[in-house]
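Student: A single structure is presented below for examination.
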Amino acid sequence: MTFLQYFKTDGIRGKVGVNPITPDFLLKLGWSIGIVLGKNKTQKIIIGRDTRISGTMLQSILEFGILSTGVSTLLAGCMPTSAISYFTKSLNASAGIVISGSHNPFYDNGIKIFYKNGVKLTKEIEFSIEQKVQHTFLYPDYVNFGHSNNILDPESLYIDFCKKNFPKDLNLSKFTIILDCANGATFKIAPKIFEDLGARVITVAINPNGVNINQNSGSTNILMLKKIVLSESADLGLAFDGDGDRVIMVDHLGNQVDGDQIIYIIAKEYLKENKLKGGVVGTSMTNMGVILGLKKLGIPFCPAQIGDRNVYEKIKEKKWILGAEKSGHIVLLDKHSTGDGIIASLQVLLTMINNHMTLYDLSNQIKLFPQVFLNIFLKQDKDFEKDIKIQNILTQYKNILGQNSRVLVRRSGTEPCIRIMVEGEDYLKVYELAQYIGKTIKLL
């Protein structure tokens, strides 16, 4: 297998109208997906999308390519990414496709693909699709077109699935929950699930207009959520990203609870309930405080490369069931085959009930190390790997920050930027080193 040109950390993503998110490419992509993934007994592919204004247009183009191969489609409409994973498996489809730009602004969009078992494609299958895209598009025999149909009441199907993962007597009536749906794919489903389970729900960002997805809201911008949690004296806040596969939480005091803390809370509960299999998979970004906290509990930790697919693959390799990214991708393989913000939230709420503890109490059982994150957006790529100053930092940072420290500098797989993470025990030193690295990269 050689270098993947289009598929990155989480599918294909980019600005709409700029290669590869163009009509020509998506037509061929749909055709290629139909040929590579659609040829089995069922010959049907699920398609869902988030609330972006470009979603229906891109869906139509992609669907034409798929139908032209003789493969039929089942349209789910606007649904969370994790719902498409569930439908792909439960409806016995050949594949599932999500048209979403995740946490990116509205002018970006992308394609995520699930295999028939509801998990993200392997790199080998992605390569096969890319190879087919290079071929000349063959105009179809119209008699052999696939058929386009809608999934009947997809919201109810997915809501039932989420609920069935938890005890029938789960009662959230003691909680006031602020839900920030980022004007994205969870805007209908999330409020209904939590209300059905008895919670008092106050909603934020549930009025999508096609261009306000993730705008001053969602898992990457929780300032508004923090303010509302405090002003409403709520028990907690939940912020999903645009396609609903991430969640970041806010406790009743307005403190952020990220994916690292969430997976620690869940792992400790699974250990207590004797449900834990092996340990926890994280990434190179997982906070050192969480790793040390898991170690104290006797829970092994294994890092995977960045990306929820990489986390999933490492969990399967280790034959474990838990994994997470700091950004809020929480994988609970005993409940679902992919990251799911709603299911992760319900598990934390169940843990709060079982232990008679607030989210603040649960998340403060570990001491997080100071971390500083910077995104350096670039107009053109910069070869920072060969810069002597950067290399000196990457080899000698422990002399500055101490042994319990880390420095990571990497290219983003989803945006045109360099991501910097500096971690250590002294916040001032961590902050100063992060700023120095950022300035150095900008001057390259």
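Glycine too: its Cβ is placed from the backbone N, Cα and C atoms.
Copying in the features that Swiss-Prot gives for the protein in this structure:
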ACT_SITE  SER102  active site, phosphoserine intermediate
BINDING   SER102, ASP241, ASP243, ASP245  Mg(2+) binding site
MOD_RES   SER102  phosphoserine
Student: Tell me, by DSSP, whether SER102 (active site, phosphoserine intermediate) is helix, strand or coil?
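Tutor: Coil, per DSSP.
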Student: I need the CA-to-CA distance for ASP241 (Mg(2+) binding site) versus SER102 (active site, phosphoserine intermediate), whole Å please.
Tutor: 6
Student: With a radius of 8 angstroms around the mean position of the C-beta atoms of SER102, ASP241, ASP243, ASP245, what other residues of the same chain does the Mg(2+) site pick up?
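Tutor: Other same-chain residues near the Mg(2+) site: ASP50, PRO80, THR81, SER100, HIS103, GLY184, ALA185, SER219, PHE240, GLY242, GLY244, ARG246, GLY341.
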Student: For the residue listed as 'active site, phosphoserine intermediate' and ASP243 (Mg(2+) binding site), determine the Cα separation and express it in whole Å.
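Tutor: Checking the Cα atoms of the residue listed as 'active site, phosphoserine intermediate' and ASP243 (Mg(2+) binding site) gives a distance of 5 Å.
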Student: So, three-state DSSP: helix, strand or coil for ASP243 (Mg(2+) binding site)?
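Tutor: In the DSSP reduction, ASP243 (Mg(2+) binding site) maps to coil.
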Student: Any same-chain residues 6+ apart from ASP243 (Mg(2+) binding site) with CB under 8 Å of its CB? Would you list them in sequence order, or say none?
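Tutor: The list for ASP243 (Mg(2+) binding site) reads ASP50, PRO80, THR81, VAL98, SER100, GLY101, SER102, LYS112, GLY184, ALA185, given in order along the sequence.
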Student: Given a separation of at least six residues and a C-beta threshold under 8 Å, show me what packs close to ASP245 (Mg(2+) binding site) in the same chain.
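Tutor: The list for ASP245 (Mg(2+) binding site) reads PRO80, THR81, SER82, SER102, ASP308, HIS329, THR338, GLY339, ASP340, GLY341, given in order along the sequence.
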Student: Quick check on the recorded positions SER102, ASP241: which one has the highest count of other Cβ atoms within 10 Å of its Cβ?
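Tutor: Within the set of recorded positions, the most crowded position is ASP241.
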